[in-house]
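These notes concern the structure reproduced below.
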Amino acid sequence: MSDNITTLNSQNANKKVIVGMSGGVDSSVAAYLLLQQGYQVEGLFMKNWEEDDSDEYCLAAEDLADAQAVADKLGIELHTINFAAEYWDNVFEYFLDEYRAGRTPNPDIMCNKEIKFKAFLEFAAEDLGADFIATGHYVQREYRDGHWKMLRGLDGNKDQSYFLYTLGEEHIAKTLFPVGNIEKPEVRRIAEQQNLITHDKKDSTGICFIGERKFKDFLGQYLPAQPGIIETTDGVEIGHHDGLMFHTLGQRKGLHIGGKREYGDDPWYVVDKDVKRNVLIVGQGANHPALYSDGLIANQLHWVDRTGPQQTYRCAVKTRYRQEDIACTVTPQQDGQIKVLFDSPQKAVTPGQSAVFYYQDECLGGGIIESYLR
């Protein structure tokens with residue numbers, strides 16, 4: 001075994017890997033593991049958002065300081081690059097356009113597509129001479145039957161393949177995922193063992209460019225709110241909303257519908273949006289029939305093998321992160337979209353979010369939910 005490791009390390013010794021270092025524990029351990037595997041390792045810290053207040057600026061500066069401290073500890077060089085212009089043009093504008101259209105986008109998926117696996121990959125290869133890039137994502141890759149496959153991360157609680165479905169074989173071939181076959185507690189244990197400053201740093205939450213700020217306040221800075229009425233599924237006016245963009249299907253909190261004794265005590269949920277009329281539609285009860293869909297139509301499709309299905313097939317789908325697999329039947333449509341029928345009705349299928357498809361542990365690809373089928 002040791003001879004095999006020595007041989008592998010010597011093969012890796014002339015391969016240069018640029019690790020996307022965010023100042024978090026996952027990318028820190030990714031860099032450490034690659035060094036152990038014998039690669040030439042350097043880090044790259046990406047600045048993707050121009051902070052407009054002191055709190056956000058301090059957080060970004062803290063992340064950079066943590067990334068630099070880890071790089072110093074590991075004895076590797078850390079480069080920095082500003083992709084804020086690319087982020088604004090390719091991620092943030094998309095984010096705003098989707099909200100204008102009444103949909104609920106997932107900017108993290110677009111960030112991976114346009115920044116981490118496009119702008120970063122190109123910069124690392126062309127400017128830094130990288131053979132590979134690496135990230136701290138919890139996914140795995142495998143070369144099988146002449147093709148690169150993307151597999152779920154070993155840690156089912158942390159698997160991030162949902163966010164990476166836009167990657168093609170050409171990206172996977174050039175990317176290493178060192179923590180993909182490790183569970184999160186072990187990643188933290190390795191970081192602590194190596195005295196990396198990030199070992200107990202909490203995972204980042206929320207949309208990358210918003211951080212911990214209140215979403216409603218942030219979005220209101222860029223899109224004018226358009227207040228309107230709230231109706232029941234029977235068309236009865238029951239309240240007012242500040243703007244459709246502040247609400248998503250299945251939402252319960254923040255509706256401010258109270259004191260309606262004639263309707264009883266069951267809580268209200270968002271079940272639909274009528275964008276043309278600027279009306280928010282609500283129903284009572286967590287299992288209101290209008291919350292459920294039999295399937296969906298998806299477009300803007302991306303397949304890891306870059307071809308995708310040519311005929312009806314069976315697989316599993318997720319319509320949101322960390323959801324249980326949903327058994328389904330997928331049928332390609334002549335207009336380039338796909339029709340997905342669930343084996344059993346699913347709750348809160350949300351236009352603008354992503355439907356991601358799996359065959360066992362393999363991520364096949366996905367697309368944007370255009371509409372639900374009821």
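All positions are counted from 1 along the displayed chain.
Cβ coordinates come from backbone N, Cα and C, glycine included.
Look at TrEMBL and you will find CYS111 tagged as active site, nucleophile.
Per TrEMBL, the feature active site, cysteine persulfide intermediate maps to CYS208.
The ATP binding site annotation in TrEMBL covers GLY20, MET21, SER22, GLY23, GLY24, VAL25, ASP26, SER27, MET46, GLY136. The Cβ of GLY20 (ATP binding site) lies under 8 Å from the Cβ of SER27, GLY43, LEU44, MET46, LYS116, PHE120, ILE133, ALA134, THR135, GLY136, each on the same chain and at least six residues away in sequence.
Here TrEMBL flags CYS111-CYS208 as disulfide bond.
The feature domain 'tRNA-specific 2-thiouridylase MnmA-like central' is assigned by TrEMBL to 216-284.
Sequence annotations record features per position, and here TrEMBL assigns domain 'tRNA-specific 2-thiouridylase MnmA-like C-terminal' to 293-369. Each residue in the domain 'tRNA-specific 2-thiouridylase MnmA-like C-terminal' (293-369) gets a DSSP state, and the totals come to 0 helix, 48 strand, 29 coil.
Here TrEMBL flags HIS137 (among others) as site 'Interaction with tRNA'. HIS137 (site 'Interaction with tRNA') falls outside any helix or strand according to DSSP and counts as coil. Counting only same-chain residues at least 6 apart in sequence, those with a Cβ under 8 Å from the Cβ of HIS137 (site 'Interaction with tRNA') are ASP26, GLY153, GLN160, PHE163, LEU164, PHE177, VAL179, GLY180.
Sequence-distant contacts of GLN353 (site 'Interaction with tRNA'), defined by Cβ-Cβ distance under 8 angstroms and a gap of at least six in the same chain, are THR104, PRO105, ASN106, THR319, ARG320, ILE368, ILE369. TrEMBL lists GLN353 (among others) with the feature site 'Interaction with tRNA'.
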Just how spread out is the ATP site if you go by the largest Cα to Cα distance in Å among GLY20, MET21, SER22, GLY23, GLY24, VAL25, ASP26, SER27, MET46, GLY136?
16
When you measure from the Cβ of CYS111 (active site, nucleophile), how many other Cβ atoms are you left with inside 10 Å?
24
Give me the Cα-Cα distance between CYS111 (active site, nucleophile) and SER22 (ATP binding site), rounded to a whole Å.
14
